[in-house]
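Following: one structure in structure tokens, then a few remarks.
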Amino acid sequence: MAKFVAFNSLVLIIATIAFHCAIVNGKISSSMYVNWGAHHCQMLGEDLQLVLDKSAGSGAQSKRTFLFGSFEMLIKLVPNNSAGTVTTYYLSSTGTKHDEIDFEFLGNVSGQPYILHTNIYTQGVGNREQQFYPWFDPTADFHNYTIHWNPNAVVWYVDSIPIRVFRNYQLKGIPFPNQQGMRIYSSLWNADEWATRGGRDKIDWTNAPFIAKYRKFRPRACYWNGPLSIVQCAIPTKSNWWNSPLYSKLSAPKVDQMNSIRSKYMIYDYCKDTTRFKGVTPTECSLPQN
């Protein structure tokens, strides 16, 4: 019995290390395709290079649709003066009542930090923004951005560190994204009407072309095959490893990591914006999210 317990503990440790490793593997060219701006971006093997110039931005999306799983991408953001540009990595369904889970990177003038913007939409409604300053230079090297999505919660990770959790409180009347399959999207586009200091800093086109680099996209997830997937992808089977008890809740060390990042680098939390919500913040803001 002791040997069995020790073996199971070792398996859990190995699984945790495997999930949180900053190195991901996968060929972008076999799992994604360019969906706009193909005339000036490039996809080859494990690498995707998105370009923004005066003619257009560019983007790519996954070939398959998923419901629940772990979605990892290495990204190197636009360097130098990136004011007005937005680089994205997100999951989304389609339609007016779509679900969406966002990483968006808001560019800034040279010398000022990027803003790491997160949001989640359920049934077409977002308004759940949280923003952070990165604790590293996201333009100097590739960093791992992971969205882990299962029936219990959505967790946003940066280099293995959780920065945000949105738990499933559907039983309390709070919508959760668990009924619609989503594809993965990446894009680089002109958002200088709002992206940098509320649109006060515009894109300096003399710095174009702007280039964001993506590498080693790894979707380890359940394929969406219609409504039957709502049940099939939520079952905690061996193949649906993201639904296992190991991933139902953050470990105490991971909670400590997340709280440390949030206390030092969070710059906006919708749950604390009482003016925006006229003193009545959304219900989930009063519920535990760890």
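Any Cβ shown, glycine's included, is placed from N, Cα and C.
Curation plays no part in TrEMBL annotations; they are all automatic predictions.
Note that the structure is a prediction, hence the values are computed from the model and not measured.
According to TrEMBL, the protein has these features:
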- 1-26: signal peptide (SIGNAL)
- 1-214: domain 'GH16' (DOMAIN)
- GLU100: active site, nucleophile (ACT_SITE)
- GLU104: active site, proton donor (ACT_SITE)
- ASN108: N-linked glycosylation site (CARBOHYD)
Cβ-Cβ neighbours of GLU100 (active site, nucleophile) (radius 10 Å): 18
Pairwise CA distance, the residue listed as 'N-linked glycosylation site' versus the residue listed as 'active site, nucleophile', rounded so that it is a whole Å: 25
Neighbour tally for ASN108 (N-linked glycosylation site), based on other Cβ positions within 10 Å of its Cβ: 20
Neighbour count (Cβ, 10 Å) for the residue listed as 'active site, proton donor': 19
